[in-house]
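**Q** Once you've had a glance at the structure underneath, I'll fire off some questions.
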Amino acid sequence: MLKMGVVLFIVLVLFPLATLQLDADKPVERYAENKQLLNPDERRGIILHALGQRVCCPFGGCHELCLCCDG
């Protein structure tokens, strides 16, 4: 009886969990492929924004990805 319980647990719990984990990886790969099409400046801005770091904007070009620095 114990062997049948172990087999049922593996088939009904562990096998579906393994297949769901593989399905969850696909959207992340698709998102990464889309981000590779960005130019290097956009990619740098996204990475710095995600890290919470901001750089000085070029002269007269202030926007949300950088700080307006004096100088």
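Each Cβ is built from the backbone N, Cα and C atoms, and glycine gets one as well.
Keep in mind it's a predicted model, so treat the numbers as computed, not measured.
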**Q** Swiss-Prot pairs Cys57 with one of Cys66, Cys69 in a disulfide bond, so which one is it?
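**A** In Swiss-Prot, Cys57 forms its disulfide bond with Cys66.
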**Q** Taking the Cβ of Cys57 (disulfide bond) as the centre, count every other Cβ atom within 10 Å, in any protein chain shown.
**A** 14
